[in-house]
Amino acid sequence: MAEIVLGVGGGIAAYKVAEVLRRLTESGHVVTVVPTRSALRFVGEPTWAALSGRPVHTEVFDDVHEVPHVRIGRRADLVLVAPATADLMARAAAGMADDLLTSTLLTARGPVVYVPAMHTEMWEHPATVANVETLRKRGALVIEPAVGRLTGADTGKGRLPEPADIYDYVTDVLGRGGAGPDLTGRHVVVSAGGTREHLDPVRFLGNRSSGRQGYALARAAAARGARVTLVAANVALPDPAGVDLVRVGSAAQLFDAMVAAAADADAVVMAAAVADFRPAAYADTKIKKSADGSSPVIELERNADILAHLAAHRPSPAQVVVGFAAETGDASGSVLDHGRAKLASKGCDLLVVNEVGADRGFESEDNAAVILGADGSSVTVESGPKSALAHVVWDLVRDRL
Ligand code: CTP
């Protein structure tokens, strides 16, 4: 369990951060809450003290004999700043130390995560853009705000991600054991889920992919500082914090979304299960049982191979392309024989090979794999959480960037 400093900025989203605090303490973390003066105008000191079970201070001048700004910062395994307001990030970027939180930020040596929340205009202002860039350059993680309802009648970019998603993000960063954000400045694109090929308005050909492995990859990349585009095909999982989410349905839509997102990407990972075939014809109205009792014959046609296309049409030779393959061994070869052949035929740099069986792969929380490299390398990942496999994939991608 970790020692966490929760720095709360003066924004209306502070009320949502109380829920983040509750989740952190319930999972056993020791959390010291350091609100700014203006944060206390939104959510008062008793709330933070009761939920954290610890005293709450705002000023450097409380308990001066304990030198709290040095003690709190040094001890923290992680500092989470939420909501990070434009003003707070400006003060942090300038290295100011005019309250306990900004002083703590100067003494913290572990990872620092900012979760901005503000109106779109403030987020997009060149001053904020420059401050965010400065903080990121210095090694801080600044989560991209969510798009949605803001205070008042507005909608746009600037919303605080959901508390559960912030909690997951923090867990991912803590799971890195203090390792720095090694994908800062990189744009990565991940596909997840399974495509649906519609026969008529109510029926489709689909597959069992839950999207968990792709979502774990997106979360892991965000926790390492990358700008992440997640192209999700029919996934019913919570949106990962700080990730640009694009929703698609069919393989054709996935193709278009991946090609568009890959144009400026440093790495592309195809974790989605893509239908190789689609119905040759789509019925605009529901297909009815025929009166004579005969069964319809569904003609299929091939979908494009998205992974092979991306690997063959890279915007830059430096782009790293990763595929997934679910294989079973058979008379013609072992799982790895099939994996090697697929790696070559797809033309990608890395292929994550899962051996599929009765209860492995698709809907489970865990995954085991062998990651084959076009350079002949092979890395075995023992069965473990999908996030662990995700981090090994990003380690290998980073080494190739
Ligand atoms: N893939 C793709 N476009 C497709 C089919 C698959 O991009 N039309 C990608 C998947 O996202 C995955 C990899 O290719 O990264 C899986 O390879 P694939 O050839 O589809 O595996 P299988 O369907 O198992 O192939 P086969 O049945 O031919 O072994």
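For all residues, glycine too, the Cβ spot is worked out from N, Cα and C.
Copied over from TrEMBL, here are the features:
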REGION    1-187  region 'Phosphopantothenoylcysteine decarboxylase'
DOMAIN    3-173  domain 'Flavoprotein'
DOMAIN    183-398  domain 'DNA/pantothenate metabolism flavoprotein C-terminal'
REGION    188-401  region 'Phosphopantothenate--cysteine ligase'
BINDING   Asp276, Lys286, Phe324, Lys342, Lys346  CTP binding site
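Distribution of TrEMBL features across the structure.
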residue : record           : contacts (Cβ under 8 Å, 6+ apart)
Asp276  : CTP binding site : Arg302, Asn303, Asp305
Lys286  : CTP binding site : Asp200, Pro201, Val202, Arg203
Phe324  : CTP binding site : Gln213, Val269, Met270, Ala271, Leu351, Val352, Val353, Asn354
Lys342  : CTP binding site : Gly323, Ala325, Glu327, Leu351, Val353
Lys346  : CTP binding site : Asp305, Leu307, Ala308, Ala311, Gly323
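When the record's CTP-binding residues Asp276, Lys286, Phe324, Lys342, Lys346 are compared pairwise by CA position, the greatest distance found is 38 Å.
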